[in-house]
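> Residues or ranges marked as transmembrane segment in TrEMBL: 16-36, 56-78, 85-104, 124-144, 156-177, 197-216, 251-272, 292-309, 316-335, 341-366, 378-402, 422-443. Per TrEMBL, domain 'Major facilitator superfamily (MFS) profile' is recorded for 17-448.
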Amino acid sequence: MSAITQSLRESKTARWSALAIVSFTMLTGYYINYVISPLKPMLEQYMGWDSGDFGFWNSAYGWFNVFFLMLIFGGIILDKIGVRFTGLGAAITMIIGTGLQYIAIEGVFPMEGMIFGVKKQIAIGALGFGIFGVGVEIAGITVSKIIVKWFKGKELALAMGLEMATARMGTALALALPLPMAKALGTGGIPNISAPVMLGLALLVAGLIAFIWYTFMDKKLEASEGISDEINEEDAFKVSDIFVIISNKGFWLLALLCVLFYSGIFPFLYYATDLMINKYAVGEDFAGAIPSLLPFGTILLTPLFGSIYDRKGKGATIMLIGSIMLLCVHALFTIPVLNHYIIAVALIILLGVTFSLVPSAMWPSVPKIIPEKQLGTAYALIFWVQNWGLMGMPLLIGLVLEKYCITSQEVVDGVSKISYDYTLPMAIFAATGLLAIGIALLLKAEDKKKGYGLELPNIQK
Ligand SMILES: C[C@H](N)C(=O)N[C@@H](CCCCN)C(=O)O
């Protein structure tokens, strides 16, 4: 039957529509990822936070994924039960986690006191961000598998690039909007810090509705391919497949490159607004706008580089060039005398190019190394390794800032203001670039040896 009926993936309208819908769900998640980043100075001034609190909250993103292996369970569920169930569960989890973050920031109930030695507000919010982290990460692997399902042998890297580009619009919004929004909706000179989080909650609900819509398309796709809901015994994922995946050297090189590269980007974004204020003397209102240029650049470039990979190949080379650029950009951020804001703008734009190169080639390369039935688990394992970095790096940077980088601390009109020297944190970010170059070189060599085809085009003629 499958040979006679044409698969729905052959319809351009159907596959690009499916992509647009699931990409929107990711956009809503990516907004929440960074919504509190531009609010760091306000949280310190009006809620008594310090950099340690901020780092703790942001590191919570990876707690459950890393320590309770939630991501890996998510990947197994994805391979065993399928994208519809897993995606819906992930979207609902994001909403629950964000609800808790809202409760903490808004102070829905009294937030004085401590829980296990952590300020109550920080503990509740971090718990929420940890739960959200499980949801958004599992949504990420689910959407990756959905894209492979629709685009294998076609414009896979372009589709993944467009999905990431859409998601980054959420990041850009989160970096640019919350600070002016909190100010505009504030009363009596006191900003409304919870309003941008409330907006995120509303977006997540819209993202859930979009995913429900997608589940109908997914059913139609499977029907068009003669696939019933029952997974056929031979094709079914077995838990023992995890050992097959982790005994693959190419998988480990991709996972290591992923953790190093992303540790130099996502955790950097948490601190980027603060860096602009402290190193480049940019005013608070404008400070979030500079880092928000980074996702804007990737919106155009990730699909472009993805399309190049689809048509011309050179995936391993693209990842190597991106890693070299990561080192160069962070090294330049480290140099104290380069402190004009124009330099910051230029470096952020370059970082945007870097952040387009590596992801555009990395994620479409996974199906070249791992078979489709193990793909959910493989993406989950890569995300799991990556989450160690996404969890550890903000914590490390927060602690380093707190311990070694405070240059002044004053209280003006009852509002506390702390200034930081970002040289050491930026040197730590540069180190991730250096290590990434080493791994990218090893991956290129391994590809040559094993013939994964990372340098070959994705589109099969
Ligand atoms: C943070 C998340 N684990 C992640 O790595 N996201 C990637 C996209 C991965 C999925 C691509 N289809 C990103 O670059 O945002």
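Cβ atoms here come from the backbone N, Cα and C positions, even for glycine.
Keep in mind that TrEMBL annotations are predicted by a computer and have not been checked by a curator.
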> Thinking of Cβ pairs under 8 Å, which stretch from 156-177, 197-216, 251-272, 378-402 has the most of them with the transmembrane segment (422-443)?
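If we count Cβ pairs closer than 8 Å to the transmembrane segment (422-443), 251-272 scores highest.
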> Given the cut-off of 8 Å on Cβ pairs that are 6 or more apart in sequence, determine whether the transmembrane segment (197-216) and the transmembrane segment (124-144) share at least 3 such pairs.
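Answer no, regions not in contact.
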> Report yes or no: does the transmembrane segment (316-335) come within contact of the transmembrane segment (251-272), defined as 3 or more CB pairs under 8 Å with a sequence separation of 6 or more?
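Yes, the transmembrane segment (316-335) and the transmembrane segment (251-272) are in contact.
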> Which listed range (56-78, 85-104, 251-272, 292-309, 378-402) shows the maximal number of Cβ pairs under 8 Å with respect to the transmembrane segment (341-366)?
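By Cβ pairs under 8 Å, 292-309 leads among 56-78, 85-104, 251-272, 292-309, 378-402.
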> Give me the stretch from 16-36, 124-144, 156-177, 251-272, 378-402 with the greatest number of Cβ pairs under 8 Å to the transmembrane segment (85-104).
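It is 124-144, which has the most Cβ pairs under 8 Å.
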> Among 16-36, 56-78, 124-144, 156-177, 251-272, which stretch has the highest count of C-beta pairs below 8 Å with the transmembrane segment (292-309)?
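Per the Cβ under 8 Å count, 156-177.
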> Which of 16-36, 56-78, 124-144, 251-272 has the most Cβ pairs closer than 8 Å to the transmembrane segment (156-177)?
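The stretch with the most close Cβ contacts to the transmembrane segment (156-177) is 16-36.
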> Could you give the mean pLDDT over the domain 'Major facilitator superfamily (MFS) profile' (17-448), rounded to a whole number?
93
> Within the same chain, where does the transmembrane segment (378-402) have neighbours whose Cβ lies under 8 angstroms from its own Cβ atoms, ignoring anything closer than 6 residues to its ends? I mean 6 or more beyond.
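For the transmembrane segment (378-402), the far contacts come to 50-52, 54-56, 58-63, 65-66, 69, 71-72, 74-76, 78, 133, 137-138, 140-141, 144-145, 242, 245-246, 251, 254-256, 258-260, 262-263, 266-267, 270-271, 366, 369-370, 420, 422, 424-425, 428, 432.
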